[in-house]
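Here TrEMBL flags B:7-25, B:99-126, B:138-168, B:188-209, B:246-274, B:294-316 as transmembrane segment. Summarising the annotation, TrEMBL assigns domain 'ABC transmembrane type-1' to B:99-315.
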Amino acid sequence: MSTILQGGPHAGPRAASNPVLSIKDLRVSYTTGLGTVNAVDGVSLDIGAGEIFGLAGESGCGKSTIANAVMRLLQAPAKITAGSIDLNQCNVLTLSDEELRRTRWRDMSMVFQSAMNAMNPVMTIGEQIMDVFTTHEKMPKKEARERAAHLLSLVDIKADRLKSYPHQLSGGMRQRVVIAIALALNPSLLIMDEPTTALDVVVQRDIMAQIKELQQSLGFSVLFITHDISLMVELSHRMAVMYAGRLVEVAPSNVLLDDPLHPYTTALMNAFPPLSGPRTELLGLPDAPPTSAGRPSGCSFHPRCPLAMDACRIQDPVLRPAAENHDAACLLVPEFVVPPERLAQ
Amino acid sequence: MRFLLRRLGFYLIAFWACITLNFFLPRLMPGDPVSRMFAQVQTQMRPDQIAALRQLFGLTNKPLWQQYLDYIGNIFRGNMGISLSRFPTPVSSVISSEIGWTLLLGATSLIIAVVLGNLLGIIAAWRRGKFLDSVFPPLLVFVGSFPYFWLAMAALYLFGIVLGWFPLNHAFTDGVEPSFSFSYVADVANHLVLPALTIVLVSIGGWMLGMRNTMIATTAEDYITMARAKGLRSGRIMFHYAARNAMLPSITAFGMSLGFVVGGALLTETVFAYPGIGYQLLNSVQALDYPLTQGIFLTITTAVLAANFLVDIIYVRLDPRVRVS
């Protein structure tokens, strides 16, 4: 894939020195009548300034829960039980309601999964963009309208669409409007929770290209969530693969694509057809990820893992360096030891 | 606009169907009012006297289609015949003398119940499980499930007789000359309190519960989550995003109720001896006063259709999605 963003300032170190978003040991649990499920089970990750960070995994692995935890949109029965989320060195989890309201959209915004449902059906596009400005910047209506028109132009939509209602736009346009709304206040972090799953592949590519362009000109960081690993590899600088509430592999995207270390990452990649190249047989992954019934002993992936050993049933692997800039949580992957001469530096 | 014109066409056809039914139904019954009224005295009346009465009541031997055309022509001239029980007052005067009170009582209590009930429902859903939400719905359902006449009489006894705060009956104090003076308006308002209050009490629970439930479903929508993520103020999300969508079913229900207001509130009118269409309708049915019964039915039908059309107009303004279909 030639479109992979090669190198760049963020492809290198595993944690930027001044991360825009820093999640440490985040744990989120859902308490239901059937018991407590740890949807996110000790996830740590950093996203640097101007970095696009991808988060991939099957449905139910906890990707969206992380996104909602960062925005503090989780509602009962979901509960953050441990960890911290720092946005620009400020802990999001300890903000008061009013501080949180001010922080939302100004410092972090979100593009929701389904653009059709993310917009109020009885308000015009314009009103839904303008209320961001009138609320956060106390801007007069006229100015807000001009800013809204400008925003739409960023995503190639004509200003006369401000008077349209969501149902009058096509799916792709709606998603672009939602992206425009998300960029209204020039946030430092944009969270995209499967922003293109509802769209066809062609529109999907257009929108992705547009996001990349905007990201390069505006410089925001992105937490990009999808189960479409090929899409993610194209877009993101660095990415993490998630399984059953934990990160199992983290690496720059091109590294992950060329040299996946965790068997789950390999399986995930085999499940998606490449857009170009020879026809290959797709390999699905048998069974389903662990559910509320509880996680398996040892490595939670071992029941589905083609390479599982006896030790996998007993020992729970932790995420550790597997190479320079490459972390993996698998017993098959030997731990990478930093050469002593590098340590001395 | 095309949507509204289509709806208008539909209502005109419905109206025509109604007046046609209204014309034929009584004529399907055996006999006629005159023979019934004078069934007991028929032997003492000469046939030409009966014929004269028939003439007076407009019961002619013209062919049916001609009667039908006359009937429709009369309706459009506002002539609904002459009331038999209140002879020789025209039906239109009987109705117009009562309809003002019916509208005053019905519309006042309906609007209060709808506005207050919906507002309570909105707030209860927004603060789900909190005080308002846990106390009001069961309380209002409890009050609302009393038989209406019992509640009305209890209110009359307590506030009218024991406490003496409000008058016991009628729409204004006997002997007072209707005028646009403050004292007359205050007197009418004072007489309105108990009848309206009791209607509001029994109906508000339904409005609140309906709104609360739709509102709870609405707050689970993605656009509410997005509005919260946008950092909007709670009040704006509650009214502009949630309630604005949740109120749509309530508007439909409001339109239906608005139409039926014209039918009067029989029990209220009976307990509080309040003038109104409901009592007239009961009277006319008991007295076999066909012209009056027909006239009232026609008025109710027209009002229901008009109210529905009004709701269509409001709906188009409130829900942009209706405009395209």
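Just so it is clear, glycine is given a Cβ too, placed from its N, Cα and C backbone atoms.
Curation does not apply to TrEMBL; its annotations are automatic.
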Selection from B:7-25, B:99-126, B:138-168, B:188-209, B:294-316, the stretch that has most Cβ pairs under 8 A to the transmembrane segment (B:246-274): B:294-316
Among the ranges B:99-126, B:138-168, B:294-316, the one whose Cβ pairs under 8 Å to the transmembrane segment (B:188-209) are most numerous: B:99-126
Contact set, same chain, for the transmembrane segment (B:7-25): CB under 8 Å, 6 or more residues outside the stretch: 67-68, 71-72, 75, 294, 297-298, 301-302, 305-306, 308-309, 312
Beyond the flanks of the transmembrane segment (B:99-126) by 6 or more, those residues with Cβ under 8 Å of it: 132-133, 136-137, 171, 188, 192, 195-197, 199-200, 203-213, 215-216, 219, 234, 238-239, 242-243, 246-247, 250, 254, 257-258, 261-262, 264-265, 268, 274-278, 299
